[in-house]
Amino acid sequence: MEETLNHPAVQGGFAPFFIALLVAELLQRVRLSGLAAIAGFAVTVYLASDFAIEPLTTSRKIVLLGLLSALLAVLLMRFTWRPFRLALAATGGGATIWMALRILQQQDMQNMLLWGTGCALYTGWLIFWIDTLHENPIRAGSAGMALGVGTGGSALLGASALLGQFSMALGAAASAFLLLQTVFNQKMPGGRVFTLPLSLICGLTGGLAVLTARLPWYALIVLAIIPLAAKIPIPDKRGIRLQSLSLSAFTLTCAAGAIYLTWRVAGAPPL
């Protein structure tokens, strides 16, 4: 049993998928199905890493920020202030700088400003645009699945196994959230409790993989298109299942593009 739980495919794929299925279904009545994303991520952290804070490494900062973002989203579920989206994006950008500060401080001033600004803008972009999907669980689920798979696959090819597992867990959890809606042909409540942790963690892991692994920076540009691809108009009359299939095709194409670009640079991972 221990050997099975230690397998990367279980830690970053099957386990978060199964946990997300349970959480999304059990919390549907209290309109907290969106917690499926952070629940899937948490089980991967438990299996592949730990919840310790000291020493506060960059990967542990990602875990801490992800959990805090889920808590913040729950507390602010009914908060509808218009500039709130921009505030979340700006806060996410600041969190990115804090997460990568030690790495950035090892660069000269020009590179520190360039990479720091770029990573902060990337995270802020994801948070802002995925937040525009928080009221549409089909579009949010499709975007979350593709962003998790695309970021995770690219990070794995770029030689960052833990970051790859973190993002893959979110992709697996989002796919479970989307699958339930597709199977039962019924939308589930997602909200910011789904979109905020997912976009923040994927933004942090993507930026860190560029800074510390072999993920090319331009792969992030392709990943940044995913929330826009999830906004492609599809008539509601086509039904949930067809919407889910179409949006998944659009967003996963972007994810595949990012993985391909990383493969061209880093090559295939060692088997």
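Every residue, even glycine, has its Cβ placed from backbone N, Cα and C.
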Listed range which TrEMBL flags as transmembrane segment, given the options 132-151, 192-211:
192-211
Does the transmembrane segment (192-211) reach the transmembrane segment (246-266) with at least 3 CB pairs under 8 A, where each pair is 6 or more residues apart?
no
Cβ-based contact of the transmembrane segment (155-180) with the transmembrane segment (87-105), 3 or more pairs under 8 Å
no
